[in-house]
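Enquirer: Below: one structure in structure tokens.
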Amino acid sequence: MTVLDTPENLTASMETTTSTAGDGVSDSSSDTDLSLRRRRSSTNSAGPVAELSSKIDKLESDVDGKMTMDPGPVAESGTLKSNGKDSGQDKDKVEKRGASDVKFTYRPSVPAHRVLRESPLSSDNIFKQSHAGLFNLCVVVLVAVNSRLIIENLMKYGWLIKTGFWFSSRSLRDWPLLMSCLTLPVFSLAAYLVEKLAYRKYISESIVVFFHVLITSAAVICPVSVILSCESAVLSGVTLMLFACIEWLKLVSYAHTNHDMRAVANSIDKGDALSSTLSADYCRDVSFKSLVYFMVAPTLCYQPIYPRTACVRKGCVVRQFVKLIIFTGFMGFIIEQYINPIVQNSQHPLKGDLLNAIERVLKLSVPNLYVWLCMFYCFFHLWLNILAELLCFGDREFYKDWWNARTVDEYWRMWNMPVHKWMVRHVYFPCLRHNVPKGIALIIAFFVSAVFHELCIAVPCHMFKLWAFIGIMFQIPLVVITSYLQDKLRSPMVGNMIFWIMFCILGQPMCVLLYYHDLMNRKGSTESI
């Protein structure tokens, strides 16, 4: 049977085949005609339409919809293959097929609109699109604008960074703080000895609790006394207080966890609890190695065994360390070149002119926000990941997407995961287990956080104005307000905007100005910190 070019010829051929079938034409010819009729029918219904439609979709970068067009060339090629023509004729047909597809694809009668579509920026479709290009544009504009501001600042004020910014002769006078920092592991060793005696049942549980209270209290009181007795740099005092607070949190977790593991083990021995309550991987003995690993690991919650990675990726560590140096230098540049001049040319926000105070706070908010974001990136992402990589620490969820927080409560649960997990494990849930209402438990958690924020700032500044404490406790009504607005308005934007405005635009710059002027008034000088 010859290749058919038109539907009319195909119809005539079908009629001829039907009439000759009864006259004794061979079964093979009849089967061939039947196969062709079936192939032609299926081709008309779906084959060429789907094939050419997919080609059109590729050419137009559009994957939706189908169109109807003349399937002649495709059917022709399919008939060639079904009839088994010689390879030379097949090759010629295949070579001509591409040109035919283009010919039929670009015909004016081909529908250009096939399905229902929304505009990419419409309200129903905006969150289904990728906005990576707009994000890149924002980054480019941000870099361009800030580069111009940096150049303008350098042309107007010159280079303001002092030669002794990183290290000066004054730093040598802070050696008592350095010695106090180096003696902090002594408290960890004392806690280990207490737990070892408790494991061997040489001392009672009440004595264990007493010793742990004494040790954890000394871990904070000793550094505080050293800082208050020495006239040291504020940065040195803040560093020592951060290490002391971290030591306190880790020791509390170490004591609390071991106490609970002993209680569970005793319940299992008495038959009051199932053995599955205590993980089989956890050894009831006290391990010095596990304590050492915990004290240097990027976590505040103690457990004998942590998820571990297989190896240390040295290239990753080097890249993260280079980024850490770059962003730390950028923070120092912003502090010296922008923040210090702004606060030095300001008045006390609670004693001077109101409009001037608002102007200073708003002007300080942008560089302060940059420093705060860089601090977050340097510590929570770069430094903690470097530490985790070197120690093969597996759980590296040090933060969540706090920038999308719909309420202030969500922000505090996502931006600092090590502290959040510690608060939930050792403050919030223990309060609930002792039948403390959830609201009171939340207030207690914020109170503990406020105390340590005040210690880390007030002690190095040698003054207790309670600005940091008040700022943290003020988060409680903000939690209630943003949660109420979220439930009332059903809009994630409201709480997120309140968080950015109250915490980053107003709260932090206000605290910086308050502490700066109170510190300068205490010193009786206007020199820079």
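Backbone N, Cα and C define each Cβ position, glycine as well.
Curation plays no part in TrEMBL annotations; they are all automatic predictions.
According to TrEMBL, the region 'Disordered' annotation covers 1-98. Summarising the annotation, TrEMBL assigns compositional bias 'Low complexity' to 16-33. The compositional bias 'Basic and acidic residues' feature in TrEMBL is assigned to 54-67, 83-98. TrEMBL lists 132-151, 175-194, 206-228, 234-252, 321-339, 369-393, 440-460, 466-485, 497-516 with the feature transmembrane segment. Here TrEMBL flags HIS453 as active site.
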Enquirer: Please check if the transmembrane segment (497-516) comes into contact with the transmembrane segment (175-194), where contact means 3 or more CB pairs closer than 8 Å and the residues in each pair are separated by 6 or more positions.
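Expert: No, since the transmembrane segment (497-516) and the transmembrane segment (175-194) share fewer than 3 Cβ pairs closer than 8 Å, they do not count as touching.
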Enquirer: Please check if the transmembrane segment (175-194) comes into contact with the transmembrane segment (234-252), where contact means 3 or more CB pairs closer than 8 Å and the residues in each pair are separated by 6 or more positions.
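Expert: Contact between the transmembrane segment (175-194) and the transmembrane segment (234-252): present.
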Enquirer: For the transmembrane segment (206-228) and the transmembrane segment (369-393), does the number of C-beta pairs under 8 Å, pairs 6 or more apart in sequence, reach 3 or more?
Expert: no
Enquirer: For the transmembrane segment (369-393), find every same-chain residue at least 6 residues outside the stretch whose CB is under 8 Å from a CB in it, and list them.
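Expert: Same-chain contacts beyond the ends: 293, 296-299, 306-313, 316-317, 320-321, 323-324, 327-328, 330-331, 334-335, 339, 399, 415-416, 418, 504-505, 508.
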Enquirer: What's the number of neighbouring CB atoms sitting within 10 A of the CB on HIS453 (active site)?
Expert: 18
Enquirer: Which residues, given as numbers and ranges, are at least 6 beyond the ends of the transmembrane segment (234-252) yet have a Cβ under 8 Å from it?
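Expert: That would be 171, 174, 177-178, 180-181, 184, 187-188, 191, 212, 215-216, 219-220, 222-224, 226-227, 294-295, 300, 302, 419, 422, 426, 452, 455-457, 459-461, 519, 529.
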Enquirer: Below 8 angstroms Cβ to Cβ, which residues of this chain, lying six or more residues outside the transmembrane segment (321-339), approach it?
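Expert: 150, 153-154, 157, 160-162, 165-166, 364, 367-368, 370-371, 374-375, 377-378, 382-383, 386, 512.
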